[in-house]
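Asks: Sending over a structure as structure tokens; questions will come in a sec.
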């Protein structure tokens, strides 16, 4: 029986033939001759002996009849794969189906080995990842970080060249020096938007977006893979939180909040020049020039035709449905957009996913928007150009237009929320529970948080193909903050033990005009920091919580190499989640005022009825849910700020009920870089 961990080796060196050594220790797959492509059939064994020497491990691949893979092979191996293209999603769907239906790990390994050298490498990675996440016999395996397998999605082409040079010239891994990523490679200070480079081009931020769409695919052969609990609502909330965080960073950098891209006929003022090459396509990611205008896309090669008029029509139909309070399914039956399921239904319509009740009527608004922008430089394939970064889930967040587009998408969801009745004081109050005070403490400072720059390494060697083996480190400069802790004083004046759900949010106190922010604006900038359950016996007591325990983030070591434990494996079971180092906004050198909000709601009202089993993936549940389980909160995502405030609550202080509290927190930024000590050169 095959060791299922060997499946992880199939992700390594994605453009090299499958029979080449994998895993960094000379492991090779003993591939049946009928599985080897015609080009290498006669030389396979000779190449294995040459590149692996005395290889340590030989993985036997069982020869089985191979299912029809022709659908998934329609996309060439050197072409660009995009989840935003429906034709590509269907190809991936077919391959996922093949992988899912293999009855044993042995047979899954066999068909995956066969497919690997015949299917587009990124499509293969995506399909095998989704299948392994959803098969009962492989879902406990930790997938390798996407950045380690396809580093070209996360670093510029010059850095890639330098890493290849370091790998080729310096034979011993221990003697190789990290290759530094420049912080100024996509634009100069003349570009105002470049002030946000540390957010848009952050490794962890882009990995989060890719991994979320991996965990929540919008198309799959088995509907249950897509139809996860509150999936559409999660699409709304996760992206809404990205926009809230982005707007906070804009205020930190003396910039106005992002303007939604409402008029598709207006030029896109911001250009973007990614400076990245696709190793699979052997092409540069195309740039987009300032003031580019969108036009209808007609690309038969991509089975793609979408017009601006289509987008307008879908938008108007969605707005009409929101105002009517219902959508129509494919049989013209009404589905009510109520205050519980409405947002979930809209999420699947607007994205749109396989769960949309009527794609013919409501279209494919979000996905096609990405495509219109991604092909704006070559909408008819006249110049044989591939999509820009907006066409790939792992690169889209690098582009300033991503945030304008998603601000527009978020406005659709907010229009639905405006139709709902505001929460009353009774809805918000937790009888007999009072939050008496809150404070945060960091490095001996109270209610003051500090950010700075930090250098961290990622081993990219598994994605560097056709170069000598051994570790090759990429060194990134990223935002970081000192860890902090919350102290919450709570009083339970009843005579019984109560269970509370602590909800912590952060939002700027002042708007871009330096005026106190009205709650209707501020609620959309409320960034969720944490959510957890507490037990409250009668009387007063203190709740403490560390920032590293956040329910929205994944641990730092899951984004970057842990320098204290360099031998720690880089495969991680639960890669979905906001990066811990980006938990709080950057702030300003002189300090910037934020309001920290804490609410303790009644957990008896909020809890979800499901068995209290240990969940393998319980981190980052706020943005990513729980694997194979219901979302762990009955309230609407973003509660209590997902609806308009009640009358008389124009400011946050007037919104508060006794079980809430808010304080001012100052976030300061220190313009220093915490560097990693350079290792001595033993070459």
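Backbone N, Cα and C define each Cβ position, glycine as well.
The active site, proton acceptor annotation in Swiss-Prot covers 351. Annotation source Swiss-Prot lists Cu cation A binding site at 209, 213, 239, citing similarity to another entry. Annotation comment: Swiss-Prot describes 366, 370, 406 as Cu cation B binding site. The feature disulfide bond is assigned by Swiss-Prot to 574-617, 576-624, with similarity to another entry given as support. The annotation N-linked glycosylation site is assigned in Swiss-Prot to 25, 358, 492, 514.
On this model, are these features tucked inside or out on the surface, and what's nearby?
Replies: If you take the C-beta of residue 351 (active site, proton acceptor) and look for same-chain residues 6 or more apart in sequence within under 8 angstroms, you find 218, 232, 235, 366, 367.
Residue 213 (Cu cation A binding site) counts 21 other C-beta atoms within 10 Å of its own C-beta, drawing on all protein chains shown. DSSP assigns residue 213 (Cu cation A binding site) to a helix in the three-state reduction.
Within its own chain, residue 370 (Cu cation B binding site) has 84, 390, 391, 396, 405 as residues 6 or more apart in sequence whose C-beta sits under 8 angstroms from its own. Following the DSSP three-state reduction, the secondary structure of residue 370 (Cu cation B binding site) is helix.
Following the DSSP three-state reduction, the secondary structure of residue 624 (disulfide bond) is helix. Residue 624 (disulfide bond) is surrounded by 26 other CB atoms, counting those within 10 A of its CB over all protein chains shown.
All chains included, 11 other C-beta atoms sit within 10 angstroms of the C-beta of residue 25 (N-linked glycosylation site).
For residue 358 (N-linked glycosylation site), the same-chain residues lying six or more positions away in sequence with a CB closer than 8 A to its CB are 327, 328, 329, 330, 349.
Around residue 492 (N-linked glycosylation site), the same-chain residues six or more apart in sequence whose CB sits under 8 Å from its CB are 432, 433, 498, 536, 537, 538, 539, 540, 541, listed in sequence order. DSSP assigns residue 492 (N-linked glycosylation site) to a strand in the three-state reduction.
The DSSP secondary structure for residue 514 (N-linked glycosylation site) is coil.
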Asks: At the level of the C-alpha atoms, what whole-angstrom distance separates residue 25 (N-linked glycosylation site) and residue 406 (Cu cation B binding site)?
Replies: 44
Asks: According to DSSP, does residue 239 (Cu cation A binding site) sit in a helix, a strand, or coil?
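Replies: Where residue 239 (Cu cation A binding site) sits, the three-state DSSP reduction gives helix.
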Asks: Return the residues near residue 209 (Cu cation A binding site) by Cβ distance under 8 Å, restricted to its own chain and a separation of at least 6 in sequence.
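Replies: Sequence-distant Cβ neighbours: 242, 393, 394, 396, 397.
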Asks: Show which residues of the chain containing residue 406 (Cu cation B binding site), separated from it by at least 6 in sequence, have their CB under 8 Å from its CB.
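Replies: Sequence-distant Cβ neighbours: 239, 242, 243.
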Asks: Rounded to a whole angstrom, what is the C-alpha distance between residue 213 (Cu cation A binding site) and residue 514 (N-linked glycosylation site)?
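Replies: On Cα coordinates alone, these residues lie 37 Å apart.
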Asks: Within its own chain, what residues at least 6 apart in sequence put their Cβ under 8 Å from the Cβ of residue 514 (N-linked glycosylation site), listed in sequence order?
Replies: none
Asks: Give the sequence-ordered set of same-chain residues, not counting 366, 370, 406, with Cβ within 8 Å of the centre of the Cβ atoms defining the Cu cation B site.
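Replies: Along the chain, the qualifying residues are 239, 351, 367, 369, 396, 402, 405, 409.
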Asks: Determine the Cβ neighbour count for residue 576 (disulfide bond): the number of other Cβ atoms within 10 Å of its Cβ.
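Replies: Around residue 576 (disulfide bond), other Cβ atoms within 10 Å: 26.
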